[in-house]
Amino acid sequence: MNIHEYQGKAVLRSYGVSVPNGKVAFTVEEAVEAAKELGTEVCVVKAQIHAGGRGKAGGVKVAKNLEEVRTYAESILGTTLVTHQTGPEGKEVKRLLIEEGCDIKKEYYVGLVLDRATSQVVLMASEEGGTEIEEVAEKTPEKIFKEYIDPAVGLQGFQARRIAFNINIPKELVGQAVKFMMGLYSAFIEKDCSIAEINPLVTTGDGKVMALDAKLNFDSNALYRNKDILELRDLEEEDSKEIEASKYDLNYIPLDGNIGCMVNGAGLAMATMDIIKHYHGDPANFLDVGGGATAEKVTEAFKIILSDKNVKGIFVNIFGGIMKCDVIAEGVIEATKQVGLELPLVVRLEGTNVELGKKILNESGLNIVAAESMADGAQKIVSLVG
């Protein structure tokens, strides 16, 4: 789950991480009032959307007086920002962060992520702050420094100091930088983050170490123990199909293709997408109905898949273990009738009650193409979609 920058900064502030003072605004008048309350000569007007690259897209402006705050707020609020992370459709700006200006001396990058190869949290940092870390990793990987953190003891002071020295934090500010990184790590662990990224971390003219931006991403499976984080969720920033899927405990992720996929089990779902690509097709989604799907869940899964106008055909690939193939077959038939399905539909069933499931499909009188294997099903749906 993602949250907005201003929310992330509030979380970090509670862990002793230094961030600029700022206020959120939902209207132009609120933006002007927020700037008045901050009382600084320079304010930064920042679009709040769940995506990076806002500055390059015109979503971050420096205002030197209240009139400029009003002008920038009017120009940003309600507009659609298109960045490298939003896709071509972009995201509408519905809120702003009005923040006090900062006398920046130097920009850095600091981030915490999960390294799945080592099963550890890794602290990454670079002198190349303010630019995309992926770009730095590609062009000058030697400028990225890493510290792998033992989960038994957590981030150690010597590791934070080593990072600070490696990225050339001024000696007199190393203590502040260490405190900053320790606070960031505490927030990462206690709030079950999957990413905590500060880009840029800055040193200022008045001798402070501060987070000018904050990107926090949380493990959705752990939100039950962080109710305060769950309250920060902004549904307007999320895909409506993903929200609908979550109501029925369906794991749905939209993709760019035209072949809808309905599968049980994440591993089988990924294998299904791979084999569709192998036969030169393009999956339109990842959709895992889970191990205990009912006819109702299958029906809702169909509706979610079909809400994507790019879908030209559907491949249902089910291995019945806990889930019975006859239940899936009944769900497929019910869903097909309810939604008035006119697109090509290929179904591959295997496992518990498979013969009964196939019998139900064959006797349904509906235009359902049966597949004998996963490869057979992938070839058939790719051929039907054309």
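Including glycine, each Cβ sits where the backbone N, Cα and C put it.
Among the candidates Asn251, Asn258, Asn264, the residue that Swiss-Prot names alongside Gly321, Ile322, Met323 for the substrate site is Asn264. Secondary structure at Glu107 (ATP binding site), as computed by DSSP, is strand. For the domain 'ATP-grasp' (9-244), the model's pLDDT averages out at 93. Geometry remark: Ile322 (substrate binding site) versus Glu99 (ATP binding site), CA distance 53 Å. When the alpha carbons of Cys102 (ATP binding site) and Gly321 (substrate binding site) are compared, the span between them is 59 angstrom. Spacing of Glu99 (ATP binding site) relative to Asp213 (Mg(2+) binding site) is 11 Å (Cα to Cα, whole number). For Asn199 (Mg(2+) binding site), the spatially nearest entry among the binding-site residues Lys46, Gly53, Gly321 is Gly53, judged by CA separation.
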